[in-house]
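Trainee: My questions will all concern the structure given below.
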């Protein structure tokens, strides 16, 4: 009996091997908006069928996108997200396990033992469409030829090349996103034009962005082709506030001295009009220097007057702010002071 059983097992293994030894020869996406989106179908032994979404994840979709010469993964649809396949189509693959670096789905670990999967569990894939006008996504952004990294001519990195941006596709909401992405303050001059000295050279990025102004970076905005024959005379120039930085100078430690704040790439002083203990507290807190000492700021002038710009005046804090940038003050650069009125702050040197 044992020899007969072994013979039957051998015949069965040959039959199974003849049916499933070959990996899928072709992959396609069906039912989506373009060739790089849809239900995943594979060809196996001349028959097209679907893939079960058991364990289907972003790594598997990445391989499908790569095999089809599509762009990056956008989504990993599961559960029959697209139109149902033809009634005669079978579910050919129960499970797919890719590490995400394979060039084709055939190089992944595939399970052909379909036992509990229906077309309601068909796997899908959504990749960037390289044939679409919408594939203008900037990889990075920078502001150049300005006084600091928060002011200048807008340039975006696209397909490994820096390009200027036409102001026809620019607005306040886009500027807000750029300022946030660069780690700068709020948007000031939002979409001015470059002058002859600050115009760029080389390619002009012909994309138009639609942002709400709340996005973390430009990649989260909607993009389309800009139908405009722009020249470098229309290069976009914008300015953000600098990151709110402050320091105490002239003292024996970083926790005592004349107060200076950074604006437009330059350090300047703060006028002591209306300055008091609450404002001292906020500065010490922001610098990690503990609590403020000497509650009569008007009486201490021991670190000498500053030079250059006086950036802030009439600063008013509640004392609860974590940074001086959240306190009320006059517009940057507006004041009625001299450097004899520069603010000085002395803190305890450590958090308590």
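Using N, Cα and C of the backbone, Cβ positions are placed for all residues, glycine too.
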Trainee: Look through 99, 316 and state which residue has the annotation N-linked glycosylation site in Swiss-Prot.
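Mentor: That would be 99, per the N-linked glycosylation site annotation in Swiss-Prot.
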Trainee: Give me the long-range Cβ neighbours of residue 98 (disulfide bond): same chain, 6+ apart, Cβ under 8 Å, in sequence order.
Mentor: 59, 60, 62, 63, 105, 107, 108, 109
Trainee: Around residue 229 (N-linked glycosylation site), which of the listed disulfide-bonded residues (65, 127, 166) come within 10 Å, judging by Cα atoms?
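Mentor: Within 10 Å Cα-Cα: 166.
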Trainee: Near the Cβ of residue 337 (disulfide bond), how many other Cβ atoms are there if near means within 10 Å?
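Mentor: A 10 Å sphere around the Cβ of residue 337 (disulfide bond) contains 17 other Cβ atoms.
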Trainee: What is the interatomic distance between the Cα atoms of residue 65 (disulfide bond) and residue 52 (disulfide bond), given in whole Å?
Mentor: 17
Trainee: Return only the integer: C-alpha distance in Å from residue 284 (disulfide bond) to residue 179 (disulfide bond).
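Mentor: Taking the Cα atoms only, residue 284 (disulfide bond) lies 27 Å from residue 179 (disulfide bond).
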Trainee: Around residue 327 (disulfide bond), which residues of its chain at least 6 apart sit with Cβ under 8 Å of its Cβ?
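Mentor: Within the chain, residue 327 (disulfide bond) has Cβ neighbours under 8 Å at 279, 282, 315, 316, 317, 318, 321.
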